[in-house]
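Q: Below is the structure I would like to discuss, written out as structure tokens.
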Amino acid sequence: MLYIPQFSIYFCLGYLLLFCKISNAVKQSWEINQELITEANKEHTVFGDMLLTPAQLIRYENSKDSDLSIRGVSIKGSSMNRWSNNIVPYVISPQYSPAQKQILVSSLRYFERVSCFKFVERTTQNDYLFIVPLDGCYSYVGKIGGRQTLSLAADCIADYIIWHEMMHAIGFEHEHQRPDRDSFIRVDYANVIPGQMINFDKLKTSHVEYPDIYDFKSIMHYDGYAFGRVDTARRVRLATMTPLKPGVTLEDNMKFTATDIEKLNRLGQCGARGGQYSNQGVVASTCQDVATAVSCEGNRRRGMCKNPFYKQMMIKSCQKTCRLCSYTRMIDEDDDLTPNTTVKSVKCEDKHPRCDIYSHNGFCTLPFYDDVRYQLCAKTCNLC
């Protein structure tokens with residue numbers, strides 16, 4: 001029988017190489033949109049993942065100010081741009097599978113846990129979100145009135161992307177477009193993909209409120225390589241944003257920070273009604289890796305800490321190295337409300353052609369594979 005160390009991810013180099021692809025690393029909305037958005041929608045989609053109304057588009061095209069003055073909504077928008085009583089009605093397109101819908105609803109339920117905003121299925125409300133799988137991940141900023149499209153294509157169905165787009169829909173801009181951002185990051189324009197400079201424009205000071213510290217880890221901050229050109233010789237993407245603060249890195253932000261939640265609750269005037277996880281950005285002192293330091297560091301370098309496919313594995317084995325300790329605490333406190341991408345499929349079937357071989361090598365029984373066997377070999381492992 002093939003021996004597979006319980007906490008080693010190096011099975012990627014062995015029998016399971018066929019389904020372990022490092023190229024499937026976690027992607028942000030801007031990356032997905034670069035691949036999926038059609039030319040027609042590119043005319044209306046700006047700043048990576050935001051839509052403009054026709055009126056906003058006209059103002060943008062006629063604007064000669066390098067600072068953005070086109071937005072009908074921002075964190076400092078008027079009450080007409082806000083969702084009444086913090087209630088956001090929504091309709092989920094029937095195009096989504098039951099599994100995708102479960103992830104969507106679960107993500108909304110978690111959003112409610114950290115705030116006093118409520119997402120309710122639409123009945124007769126005139127203003128509502130229509131969540132539909134179009135050609136990317138994008139949203140308007142704040143309420144625009146009537147049926148409001150929020151696109152989440154299949155590749156966008158991940159909790160952190162859903163939260164990011166919902167933050168836009170409620171009224172939040174990107175953190176890296178703050179008027180004061182140049183005091184905290186340097187934008188390397190020479191490394192930006194031609195035609196994508198607009199994604200680094202700053203908002204007008206009069207349009208936003210920013211009494212909080214600059215939040216490098218905000219779920220509304222893009223990673224440091226966003227819209228970066230690819231150096232074909234070295235086969236790497238070039239950095240477009242560099243933190244000015246020593247020791248800080250701009251990574252894929254996949255969860256709310258304490259500052260995100262404070263802003264969210266201040267906008268909704270939540271008081272004591274929401275934000276019970278506002279301290280989640282603090283890593284618990286008991287946070288430890290179970291796997292060896294060498295194994296966890298190797299997993300981190302290969303991108304597995306940020307890959308949703310391996311998320312539960314990393315929480316169990318490398319939570320300290322992967323900086324997933326606060327996420328573990330949230331799972332422990334409220335398992336049923338924590339989004340989980342391992343969802344039950346309607347059809348009982350295997351997703352991988354070699355499940356019979358994997359089953360003989362312990363794939364169906366070893367605890368290490370608890371979080372992936374259902375996705376790949378549900379039928380062979382008798383899980384449905």
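For all residues, glycine too, the Cβ spot is worked out from N, Cα and C.
These numbers come from a predicted model, not from an experiment.
In case it helps, Swiss-Prot gives these features for our protein:
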- 73-271: domain 'Peptidase M12A' (DOMAIN)
- CYS116-CYS270: disulfide bond (DISULFID)
- CYS137-CYS156: disulfide bond (DISULFID)
- HIS164, HIS168, HIS174: Zn(2+) binding site (BINDING)
- GLU165: active site (ACT_SITE)
- CYS287-CYS325: disulfide bond (DISULFID)
- 287-325: domain 'ShKT 1' (DOMAIN)
- CYS296-CYS318: disulfide bond (DISULFID)
- CYS305-CYS322: disulfide bond (DISULFID)
- CYS348-CYS384: disulfide bond (DISULFID)
- 348-384: domain 'ShKT 2' (DOMAIN)
- CYS355-CYS377: disulfide bond (DISULFID)
- CYS364-CYS381: disulfide bond (DISULFID)
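Please situate the listed features within the shown structure.
A: Residues within less than 8 Å, Cβ to Cβ, of CYS270 (disulfide bond) and separated from it by at least 6 positions along the same chain comprise ASN86, SER115, CYS116, LEU264. Under DSSP, CYS270 (disulfide bond) is assigned to coil, being neither helix nor strand in the three-state scheme.
Look at CYS156 (disulfide bond): DSSP puts it in a helix.
The DSSP secondary structure for HIS164 (Zn(2+) binding site) is helix.
The Cβ of GLU165 (active site) has 24 neighbouring Cβ atoms from other residues within 10 Å, across all protein chains displayed.
Taking the Cβ of CYS287 (disulfide bond) as centre and 10 Å as the limit, one finds 15 other Cβ atoms among all the protein chains shown.
Look at CYS296 (disulfide bond): DSSP puts it in a helix.
The Cβ of CYS305 (disulfide bond) has 25 neighbouring Cβ atoms from other residues within 10 Å, across all protein chains displayed.
Look at CYS348 (disulfide bond): DSSP puts it in coil.
Sequence-distant neighbours of CYS377 (disulfide bond) (same chain, six or more apart, CB under 8 Å from its CB) are ASP350, LYS351, HIS352, CYS355, TYR358, SER359, PHE363, CYS364, LEU383, listed in sequence order. Under DSSP, CYS377 (disulfide bond) is assigned to a helix (H, G or I) in the three-state scheme.
On its own chain, CYS381 (disulfide bond) has CYS355, SER359, PHE363, CYS364, ARG373, TYR374 as residues at least 6 apart in sequence with a Cβ closer than 8 Å to its own Cβ.
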Q: Is CYS137 (disulfide bond) helix, strand or coil when read with DSSP?
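A: In three-state terms, CYS137 (disulfide bond) counts as strand.
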Q: Residue counts in helix (H, G, I), strand (E, B) and coil for the domain 'ShKT 1' (287-325), per DSSP?
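A: The composition, in the requested order, is 20 helix, 0 strand, 19 coil.
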Q: Need the DSSP three-state call for CYS364 (disulfide bond) to compare against my parser.
A: coil
Q: Counting every protein chain present, what is the number of Cβ atoms, excluding its own, within 10 Å of the Cβ of HIS168 (Zn(2+) binding site)?
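A: Summing over all protein chains shown, HIS168 (Zn(2+) binding site) has 24 other Cβ atoms within 10 Å.
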